[in-house]
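Asker: Provided herewith is a single structure, encoded as structure tokens, for subsequent inquiry.
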Amino acid sequence: MSNPASISATKKPDRVVGGGGFTLLPDHSEARFYKTLPLPGVIILVHGVNSDGEWYDSTEEGLCEGLNDRLARQPEQMAFSGPTSGRLMAAKYTPELTSEGFLAPMRSASNFLAPQPHWSPVIRFRWGYKASKKDLRLYGPNVWLNEQDYWGGGPFANGCSAVADLWSEGLNDRLFLWLTAQHLNPVPGRDVYTCPHRAYYVHAALRLARLIKSIRERQQDCPVTVMCHSQGNMVGLAAAFLADRLGVQADSYLLCNPPLSLVPDNMMESWVQRGSRDARGAAGRQSSAARTETLKNFFTLLRQRAAAAHPDDRIDKEMANAAPRQGQPFTSADDRQRHGLNGNTFGRVTLYCNPHDQVISASTVQGIGWRGMSQEEIQATQGEGVFAQRVFAHGYAVGQAPGQSYRYWEDRWNKDAGAGKDGFWHPPSPTARYSIRQGLTSNQGIIGKIATALSTPFLAPVALLKVSVNADAPKHWSIPVNAPALPNPFLPRAYRYGQQMDGFDEGLDPSGNARDVAKREEQKRPDDPYDQHSTRTSQDGSATDAPMGDASSEAQLRYEDRARLRMQARRTGLADADGQVIGEDKPDEASDSYRQWRNQQISRFLVDGVDQNATDHSTIVTNPEHARRAAAYDVAVGVCTLSEDDLHELRVEADWRYVEESEINSSNQYLAEYFKTGRMNGQPLHEWIGAGEAAKPDTVIDQRDWAAPAVGGEP
């Protein structure tokens with residue numbers, strides 16, 4: 001059996017069989033068989049909060065094409081093409097939503113993967129928050145939920161900046177007496193209310209750890225890379241510690257825009273975390289020492305994986321293409337030296353940071369996905385030899401030879417433009433402002449509403465203080481750019497609605513742009529607020545909210561707005577006794593008054609969204625070219641022997657919605673109880689994580705800043 005990549009592209013053999021099928025020849029003559037080139041490993045994608053992995057399609061497409069470049073598997077480099085030859089091709093998935101923004105009712109474990117040829121190393125991990133019946137009463141008015149009472153990644157406001165916080169209470173929105181975070185929130189659509197316990201993160205991390213174990217049970221030395229985005233990084237890091245307890249570990253991590261923070265002090269975050277306590281009774285934010293030690297422990301776990309790298313001769317026997325007619329050849333030793341860290345693609349953690357990320361730079365977060373890691377922080381966490389980072393910034397080439405530094409103030413593209421002359425952010429960061437409308441909505445009790453109204457004349461001037469939502473980078477902040485050089489360095493670009501943009505930072509991001517640009521007039525309904533919305537221009541004249549999307553993006557907009565409307569309806573007495581919002585879940589049964597209220601709310605959503613800043617939080621992962629030209633060179637490469645059936649089973653297991661209904665006899669099916677009921681072992685999730693396999697590992701350091709009160713003292 002031969003390697004089809006090593007066959008001359010000019011001479012076709014008599015027979016080629018890929019994928020394991022064969023034919024018996026009645027004349028007993030010799031037949032040559034060419035097996036499918038193996039995958040180079042498995043890459044698990046992990047999304048963040050308020051997400052269903054909207055970046056997965058782009059990233060999987062880019063990873064497959066980039067690995068074809070890296071492994072010399074482009075059509076002109078192989079004797080045979082297509083997925084049965086081993087050329088990587090992204091898997092396609094069936095639509096998740098109806099055009100009206102509901103979950104596709106017939107989608108299931110048996111049909112969520114489209115029946116199209118593919119040969120992809122990517123497994124898409126899905127996780128989120130599921131409200132139990134009790135949680136629906138407690139938190140239904142505070143968080144977005146769909147018609148099945150769950151939300152991908154959980155609520156936006158419930159993120160965190162330290163691994164130990166996954167085992168802690170959720171966000172407390174109360175600032176002082178009746179004053180809530182929502183009173184001062186200047187960002188429309190990012191409602192900030194008290195959130196449930198973060199135990200659902202731990203459930204996701206345990207599922208991810210057990211998914212890695214399932215891969216190892218099928219192939220003990222299968223190369224595994226975990227690629228995370230946003231709060232998915234916190235799930236990924238926690239999974240590494242839980243996986244260690246299971247006796248398994250991924251070989252490489254790719255951390256995109258992580259909120260993990262190494263900032264020494266952050267009073268605002270400590271106040272928000274004042275309800276969380278460690279074993280000593282101390283409250284507030286995780287200490288700087290705890291954060292540093294936990295990250296050091298994570299680096300130690302991954303450093304050990306360098307010894308698991310596959311030998312060159314094994315990789316070359318299965319995958320080498322040493323002399324293609326065109327393009328760069330592939331041999332293992334050369335690949336390691338070109339793209340490995342210290343000559344190894346295993347045992348590596350690569351950070352992708354964006355200096356203009358307007359989510360991870362929030363004053364209460366200030367994560368390494370925005371700031372990167374300074375040389376001092378790398379040394380303190382003992383990251384040398386295991387850690388590398390790339391900077392994705394407007395006008396700054398990704399993939400330059402290591403040894404450069406990125407200077408946050410001096411190298412920013414806007415240092416000489418507009419507001420950039422005086423401030424770090426362009427457009428300027430939103431500033432806190434007192435809103436009576438938002439305050440009345442955030443206080444459900446009559447006393448809070450009265451206090452909100454009476455205090456308006458005194459608190460409205462808070463906007464004059466110009467307290468920014470986003471922190472400024474420290475003056476002279478500089479980080480080493482030490483990841484291996486890429487074959488073709490490039491300027492990063494934003495990718496919006498299927499189009500490559502000229503630049504990387506997006507400026508404004510009107511929500512109305514998501515509407516379907518191809519929708520014909522005769523398809524529009526006179527009573528539909530999306531169809532009847534008139535295009536508006538932003539205050540600065542730089543953008544409009546004209547439709548730019550397609551049917552899929554409009555369905556996503558409607559889906560998210562339905563969740564927001566359910567939350568608001570529960571806050572304003574428009575839900576039934578069980579918390580169900582009939583007007584959203586069963587539109588045909590909606591009252592006229594509900595329809596009128598709904599249309600008014602959606603119109604306001606669209607108007608408020610015209611001037612909203614783009615977050616620049618997902619621009620790294622939503623452009624397939626970034627995955628093709630960068631991420632594909634930062635993953636572990638070896639020989640993966642998993643079959644198509646293995647991969648299908650693992651893809652089902654990776655989706656928290658479908659694992660129980662599958663016919664796979666998985667030892668991890670018991671974890672599906674959470675998606676069904678919002679509980680585990682019949683317990684509330686925050687109790688379940690207190691012991692057993694979901695308990696916090698000792699290597700995740702939990703040590704908070706505010707010392708415990710003395711016995712008999714004030715808390």
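Residue 1 is the first one shown; counting continues down the chain.
Heads up, the Cβ atoms here are built off N, Cα and C, so glycines get one too.
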Asker: Look up region 'Disordered' in TrEMBL and report which of 354-377, 570-593 it refers to.
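Answerer: Residues 570-593 are the ones TrEMBL records as region 'Disordered'.
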Asker: With DSSP as the reference, give the number of residues of the compositional bias 'Basic and acidic residues' (516-534) in helix, strand and coil.
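Answerer: Helix, strand and coil residues of the compositional bias 'Basic and acidic residues' (516-534) number 3 helix, 1 strand, 15 coil.
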Asker: Near the domain 'Antibacterial effector protein Tle3 C-terminal' (615-658), which same-chain residues lie under 8 Å Cβ to Cβ, leaving out any that are not at least 6 residues past its ends?
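Answerer: Distant Cβ neighbours of the domain 'Antibacterial effector protein Tle3 C-terminal' (615-658) are 19-20, 38-44, 54-55, 58-63, 65-67, 69-71, 91, 108-109, 112-113, 120-121, 123-128, 204, 207, 211, 214-215, 218-219, 221-225, 227, 229-230, 251-252, 254, 256-257, 309-310, 314-315, 318-319, 332, 335, 339, 345-346, 348, 350, 352, 354, 356-360, 388, 390, 392, 398-399, 483-484, 486-488, 490, 492-495, 500, 504-506, 509, 664, 666, 668, 671-672, 674-675.
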